[in-house]
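The next block holds one structure in the form of structure tokens; read it before the comments.
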Amino acid sequence: MLFILAFIILFHLAAAILLFIATIHNAWWVVSRPGVNIISDLWYTCNTTCQFIEDSHTVKAAYLQAVQATMILATILCCVSFFVFILQLFKIKQGERFILTAIIQILASLCVMIAASIYTAENKSFHKGDLQEGSFGSSYVVAWISFPMTLISGLMYLVLRKRK
């Protein structure tokens with residue numbers, strides 16, 4: 001039982017770390033041509049210096065703001081579900097399920113899926129000019145990898161029962 005508990009905790013922490021990396025790291029969009037290397041994330045566009053994404057605070061960038069909000073919400077929900085799990089380990093009775101933890105974790109996975117889907121569909125509208133000729137970066141891939149990890153983690157909590 002201790003082995004299963006350690007695996008679930010490590011799996012949850014790995015999903016949380018991936019969410020932090022996907023949200024913070026600046027490689028959602030990469031433009032790489034001879035002499036040009038530009039990286040763009042949810043907030044900045046960087047080559048040698050970083051600048052805010054053009055018009056990111058306007059109504060035209062509502063899709064980008066939705067991606068920012070849902071990725072932050074997913075990261076927060078993942079962390080909250082971990083603390084709820086730790087609390088439930090000590091508070092719930094033997095034989096009960098970790099339903100609240102599962103619901104919060106599944107909501108986190110839904111937020112990641114929404115953010116990555118919006119970014120996939122609307123990335124051309126965020127980027128102006130030369131940036132439209134790029135490709136998806138590593139943070140985008142990490143976001144999609146963290147989606148099934150948080151979903152599987154939530155489903156594990158749904159099935160898991162407290163034992164001695």
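Yeah, the Cβs are placed from backbone N, Cα and C, and that goes for glycine too.
Straight from TrEMBL, the features:
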type	residues	note
SIGNAL	1-16	signal peptide
TRANSMEM	62-86	transmembrane segment
TRANSMEM	98-121	transmembrane segment
TRANSMEM	141-160	transmembrane segment
Checking distant contacts: for the transmembrane segment (98-121), what same-chain residues at least six beyond its ends satisfy Cβ-Cβ under 8 A?
12, 19, 22, 28, 63, 66-67, 70-71, 73-75, 77-78, 80-81, 84-85, 88, 92, 140, 143-144, 146-148, 150-151, 153-155, 157-158, 160, 162
Contacting positions for the signal peptide (1-16) when only residues 6+ beyond its ends and CB under 8 Å are counted:
75, 78-79, 81-82, 85, 105, 146, 149-150, 152-153, 156-157, 160, 163-164
